[in-house]
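S.K.: One structure is given below, represented as structure tokens, and several questions about it will come after.
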Amino acid sequence: MFSGGVINLQRIIQPTTGEAANVVVPQLGHLLKLDPYLAPYEDEIRRRYYVFQKLLKQLETEEQGIDIFTSAYKRFGIQVNRQTNEINITEWAPGAKAMYIHGDFNNWREKQYPFTRDQWGVWRVTIPPLLDGSTTIKHGQAVKLLIETPDGQLVTRLCPWSRYVQKVEKANVYHGVYYDPPVDQIYQFKYSQPKKRDRLKIYEAHVGISSSEETIATYENFRLNVIPRIIKQGYNTIQLMAIMEHPYYASFGYQVTSFYAPSSRYGTPEELKALIDEAHKHGLTVLLDLVHSHSCKNVEDGLNMFDGTAGCFFHDNARGHHSLWDSRCFNYMEREVMRFLLSNIRYWLEEFKFDGFRFDGVSSMLYHSHGINHSFSGTYDEYFGLATDTDSFNYLQLANYVSQTLFPQSITIAEEVSGMPTLCRPLAEGGAGFDYRLAMAIPDVWIKLLKEKKDEEWHMGNISWILTNRRWSENNIAYAESHDQALVGDKTISHWLFDDQIYTHMSIFAERTSVIERGLALHKMIRLLTYGLGGEGWLNFEGNEFGHPEWLDFPRAGNNESYKYARRLFHLSVDETLRYKYLNEWDRAMNSLEEEYQWLSAKDIFISRRIEADKIIVFERGQRGLLFIFNFHERKSFDDYRIGCGHNGKYKIVLSSDAKSFDGPDRINEKQIFSAENIMWDERQFSFQ
């Protein structure tokens with residue numbers, strides 16, 4: 001029973017049918033060979049590629065190429081001329097009638113420094129140095145733009161290119177901070193970035209909750225205390241959430257207002273750089289959770305209504321509003337929006353040395369419905385019909401082109417649930433160019449089983465089908481649960497399994513009830529089965545690896561602004577008197593085993609047994625004789641059970657959830673050797689008992 005182991009153009013002119021049909025997609029033939037179902041949609045793939053290539057050509061001829069275009073963060077916003085100490089400020093606000101800058105540096109005098117406007121709606125001003133030759137605006141001073149809207153109002157706005165913003169004391173809005181620290185305070189990177197890797201083992205983390213204290217944790221805390229834990233657990237990649245500045249802490253970082261500013265609630269940009277450098281010191285890849293799918297609708301400290309109009313960065317109609325997220329949607333084909341976002345990609349990769357991105361909300365971007373009330377059937381007409389927002393698809397192609405061309409070692413992951421074909425295929429094939437997509441259907445399956453089905457109703461065929469139901473030509477990141485399940489209002493796997501006993505019976509001295517017995521077994525088995533079968537990468541949200549007993553609830557009005565549940569109790573995983581240590585050790589052992597056998601990079605998976613009566617799943621993965629065996633039966637264990645295998649020879653147990661070291665019942669002799677016989681079984685040439 002219950003055991004498992006291993007063995008500036010507003011729009012691009014759309015091409016005519018003839019133009020699209022004639023465009024050459026270098027490797028389209030290879031794509032169609034991989035997925036013959038794409039053949040009827042060849043013209044649409046060509047059309048998307050045509051627009052992508054046309055955009056690149058326009059940027060080459062009109063903007064001096066992608067390199068100059070994406071360096072805009074060095075020209076826009078507040079920039080200082082190091083030779084003269086003049087300050088040059090450049091902003092795009094096509095709807096504004098006038099623009100000024102004011103702040104601490106001039107005692108907030110409103111119209112002392114007026115901007116001038118060019119024909120493209122770009123505003124500029126130069127502020128001369130002081131008489132002593134120093135810059136007029138000093139590091140750390142608060143600054144804001146003052147904009148005259150089309151109807152004549154004077155409104156304050158933050159610079160969209162701000163690199164540091166802070167919350168005003170006793171207020172809910174942020175103000176811009178001129179960030180130009182002295183040279184001796186600028187962090188100097190010491191360690192080289194890791195090469196692009198496969199077999200990602202991702203530790204998804206949120207800096208602010210990465211402490212047991214009832215407060216907002218810091219970049220420095222993460223560097224000193226969390227990175228060593230990640231290394232010990234055997235992960236090779238960190239995915240940092242909620243870095244881009246977001247006024248509402250409880251948004252989990254997904255309501256971004258300042259796209260160039262690392263969140264000041266955790267510390268300074270230099271401390272974030274030190275965190276990333278520390279990770280690189282130990283060979284870890286660091287990914288940023290990048291939010292380009294939408295923008296917070298805040299006005300005074302966000303991008304919304306920046307120039308006094310509903311457009312500017314966004315569509316100025318219903319298309320520019322996300323009804324479910326209550327946010328604004330970018331107009332990706334507007335030249336200055338494209339400049340802003342593509343430069344943002346380069347900024348994080350170049351200035352902070354992130355190694356890539358998890359692109360948030362890709363499904364929302366790809367469909368005009370944003371996926372709201374959209375049940376995806378998997379038919380290809382859904383992917384290549386009028387429901388698809390091809391502007392967004394072309395933007396994602398450009399985004400991946402920037403990453404791959406300027407930073408060839410970077411990695412991109414799409415948070416995408418619809419299964420859009422070609423999303424993770426190379427640009428040369430007409431794909432969007434992502435390296436991976438998140439296997440978002442898997443966590444829903446596990447939660448549905450735990451919530452709605454009795455153990456005897458679990459269907460081995462359905463489980464294994466869901467775990468392998470992916471486009472084999474496109475890499476997936478598998479996970480049993482993520483931050484979504486940890487949030488208040490939902491329940492993690494450990495909460496579904498242990499229920500109230502997670503608070504009363506996790507001590508090794510407490511009664512080992514049937515609930516605890518079942519929970520320990522299934523927590524380990526669910527994670528290993530997903531890890532082994534579900535994708536080409538693995539992801540875990542911090543704390544879930546040891547069955548964190550508390551949900552995640554950020555301070556808000558509904559909980560009296562409490563930080564009690566906005567934290568991670570890492571100490572529980574190393575407490576010798578608690579069972580969490582066994583789940584934590586199982587997590588480490590899984591990562592260690594994958595590092596040894598490298599199954600995540602193996603495409604050859606053979607599921608030889610998924611027997612409903614016995615509740616058994618058996619599969620092989622890779623060329624190193626690794627055999628996974630799971631018994632999900634709620635009552636039965638089996639003796640002399642025959643298992644088919646693809647390799648002749650002797651087999652030994654390399655990981656067992658039944659082992660005492662993982663708080664298992666210790667029913668299996670881990671030292672026994674299994675000799676394969678020349679007996680065909682379950683369509684495998686050999687077998688053993």
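Placement of Cβ uses the backbone N, Cα and C atoms for every residue, glycine included.
Note that this is a predicted model, so its numbers are computed, not measured.
Just lifted these from TrEMBL, have a look:
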DOMAIN    225-571  domain 'Glycosyl hydrolase family 13 catalytic'
ACT_SITE  ASP360  active site, nucleophile
ACT_SITE  GLU415  active site, proton donor
S.K.: Could you state the whole-number distance in Å separating the C-alpha atoms of GLU415 (active site, proton donor) and ASP360 (active site, nucleophile)?
M.R.: 5
S.K.: Kindly state the mean pLDDT of the domain 'Glycosyl hydrolase family 13 catalytic' (225-571) in the predicted structure.
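M.R.: Residues in the domain 'Glycosyl hydrolase family 13 catalytic' (225-571) carry a mean pLDDT of 96 in this prediction.
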S.K.: Taking the Cβ of GLU415 (active site, proton donor) as centre, how many other Cβ atoms lie within 10 Å?
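M.R.: The answer is 20 other Cβ atoms.
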S.K.: Including all protein chains displayed, how many Cβ atoms other than that of ASP360 (active site, nucleophile) lie within 10 Å of its Cβ?
M.R.: 21
